[in-house]
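Asks: Take this structure first; my questions come after.
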Amino acid sequence: MSVTEQQYAPGEHPDLPPPLGEAGLIAWFKKRLFSSVGNTILTLVAVFFLYHVLSAIIFWTLTGATFTGETKADCDLGGACWLVIGDRFHQFMYGLYPTDQYWRPNLTFILMVVAIVPVLFDNIPHRGKFLLFSAIFPFIAFYLLSGGWGLETVDTDEWGGLLLTLVLGVTGIVASLPIGIVLALGRRSNMPIVRTLCVCFIEFIRGVPLITILFMASNMLPLFLPEGVNFDKLLRALIGVALFSSAYMAEVIRGGLQAIPKGQYEGADAMGLSYWQSMRLIILPQALRIVIPGIVNTFIGLYKDTTLVSIIGLFDLIGIGLVAVADVKWRGLAPETYAFIALLFFISCFAMSRYSLWLENKLHTGHKR
Amino acid sequence: MSNASTNTSKKTDEVAIQLNGVHKWYGQFHVLKDINLNVQRGERIVICGPSGSGKSTLIRCINRLEEHQQGDIIVDNIELTGNLKNIDAIRREVGMCFQHFNLFPHLSVLENCTLAPIWVRKMPKKEAEEIAMHYLERVKIPDQASKFPGQLSGGQQQRVAIARSLCMNPRIMLFDEPTSALDPEMIAEVLDTMIELAETGMTMLCVTHEMGFARKVADRVIFMDGGEIIEQNEPEEFFNNPQSERTQKFLSQILAH
Ligand SMILES: Nc1ncnc2c1ncn2[C@@H]1O[C@H](COP(=O)(O)OP(=O)(O)OP(=O)(O)O)[C@@H](O)[C@H]1O
Ligand SMILES: [Mg+2]
């Protein structure tokens, strides 16, 4: 313990600064990694394995990998052959989008960043105006990507790669949260018809695999529609993905609603707030905060589930990857292709999970749960 | 606290709350049995009684946190029925403080106080904040305005809850055991706030076992047991000369401590 414990008369004890953490890197290492013989052995074994795994990964991805060249024959260093990515990079990004129109997805992406930032962070200046832009962004994006009104029309069949994955993921995320909230509130409603409808919807959607919903949306839906009415395949997939994830979202949010003590509802009622006011101002802000990890979990799951659309013939990242792997010129380069796709997914998903951690910390207001 | 009542009654002839033959059941369980009660404007009423006697249920019926099944409740000349408009109108005029404060933990103290004025009374934010600060000063915690409820002591939280109700400028205040979750030191500070409030002539219905408070400010003490009003009287009479056996027993139990 401490070296000099000074004595004070009762009631005279001054406020002292808190004790310093144990100083020094060496002390830290000693305490955490080498505190006993057993721990030292464990540390050494772990280091040994880490070294082998990491050095193999670094060799394959970087030091032993080929970055320049023309054909597969140039890849003779023993590691990964990244040429396939370079060769098909544009397809990975845009799918079959017309080459001379690439500026449109690029511009959409930049505008998307501008639209998302004010939604995610509340401390930026003029947030209100930016939020207005966020609200109209989906329409701008739709116009930019699909064309018409002076821009060359690009069929959604030609959208692909990361572009398509982002369109599916972002639309699914943006749609599933509000639909999920409405479903969750509906399921807890006092009105029997509303409640029954919500329960049926949620249970039905949760009871079937996403892939069947996508198949139904792409193959069966046209059978039910009147002759001649034919709406876009991508749109159908979007609706399928959004409905699917909103059912999950609803249950996550319902969990949050149930965690709110009855006193909060009564406090809001006693003050004369209406149902929608108390939901919006009191209940949902707290419920959503409790379930941030669950919400982000659902978002991440949804984002990755969008890859299933490759099965109904849309060329998202996986769809493009399948084409690349099947290319005779690059035969046998599946690991590189999938590693690249994995990296792209990892970046987005990791960003989402870090954001959720940051948000949880920010919203922590000192009350215990 | 002194035995002599410092009570200067602000009671008027106007009726604030009227309960006629009110009954309530929880499933098969008959909680409130034929409650008849008239509260004058400016009257301060303390309700006491053993646990489970229906005190909370009674005052929660007055602002419709619980629904009664028989009889009439008329608050501020508005009849309490299923009509949502009437319920909202009554809740705007009736403030309530709970045993567990029920502050909103995600909002700062100031936001807790301005929420209802802004959203229910449609008051401009600035005006609402001025009013909130006024009442926070009255409950003696203006310096805590920017903190969150979770950062305050229990007594401070209950005073914020009182200030929050007062910001709606209610004509009637209901208290459901506002001090029973607090330590003795904090009980005193909350009671002081309530005594000050009583002196302004607010109509108050207060469920509490603080008999000192009842002696000091109440115009009338009501004793409930088994869902019925057993006895009601002025505090001096009530404490010195209880009529029914059950009241005597109850008083001897709580005054024994
Ligand atoms: N939601 C409910 N459902 C069923 N019974 C209930 C419910 N709320 C209260 N009760 C019962 O009604 C009776 C009266 O409850 P109430 O809360 O009004 O008592 P109280 O007089 O306030 O007691 P305390 O002093 O312990 O707060 C109790 O017997 C209780 O068990
Ligand atoms: Mg009670």
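Placement of Cβ uses the backbone N, Cα and C atoms for every residue, glycine included.
Keep in mind it's a predicted model, so treat the numbers as computed, not measured.
Checked TrEMBL, it gives:
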{"type": "DOMAIN", "residues": "A:162-356", "note": "domain 'ABC transmembrane type-1'"}
{"type": "TRANSMEM", "residues": "A:40-62", "note": "transmembrane segment"}
{"type": "TRANSMEM", "residues": "A:102-121", "note": "transmembrane segment"}
{"type": "TRANSMEM", "residues": "A:130-151", "note": "transmembrane segment"}
{"type": "TRANSMEM", "residues": "A:163-185", "note": "transmembrane segment"}
{"type": "TRANSMEM", "residues": "A:197-217", "note": "transmembrane segment"}
{"type": "TRANSMEM", "residues": "A:281-302", "note": "transmembrane segment"}
{"type": "TRANSMEM", "residues": "A:308-326", "note": "transmembrane segment"}
{"type": "TRANSMEM", "residues": "A:338-357", "note": "transmembrane segment"}
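If you look at the structure here, what lies around each of the features I listed?
Replies: Among residues of the same chain six or more beyond the transmembrane segment (A:40-62), those with a C-beta under 8 A of the stretch's C-beta atoms are 33-34, 78-80, 339.
Only residues 6 or more beyond the boundaries of the transmembrane segment (A:102-121), in the same chain, are considered here, and those with a CB under 8 A from a CB of the stretch are 90, 93-94, 127, 130-131, 133-134, 137, 140-141, 144-145, 147, 151, 154, 163, 166, 170, 355.
Sequence-distant contacts of the transmembrane segment (A:130-151), counting only residues of its own chain at least 6 positions beyond either end whose CB sits under 8 Å from a CB of the stretch, comprise 104-105, 107-108, 111-112, 114-119, 124, 159, 163, 167, 171, 174.
Long-range contacts of the transmembrane segment (A:163-185) within the same chain, counting only residues at least 6 positions beyond its ends with a Cβ under 8 Å from a Cβ of the stretch, are 93-95, 97, 105, 109, 112, 138, 145, 198, 201-202, 234, 237-238, 241-243, 245-254, 257, 279, 284, 295, 298-299, 302-303, 306-307, 309, 314-317, 319, 344, 348.
Here the transmembrane segment (A:308-326) has long-range neighbours at 84, 88, 91-92, 95-96, 159-162, 164-165, 168, 210-211, 214-215, 217-219, 233-234, 237, 241, 333-334, 337-338, 340-341, 344-345, meaning same-chain residues at least 6 beyond its ends whose C-beta is under 8 angstroms from one of its own.
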Asks: Six or more residues beyond either end and a Cβ under 8 Å away: which residues meet both conditions relative to the transmembrane segment (A:338-357)?
Replies: 61, 80, 82, 85, 92, 120, 162, 165, 169, 292-293, 295-296, 299-300, 303-304, 317-318, 321
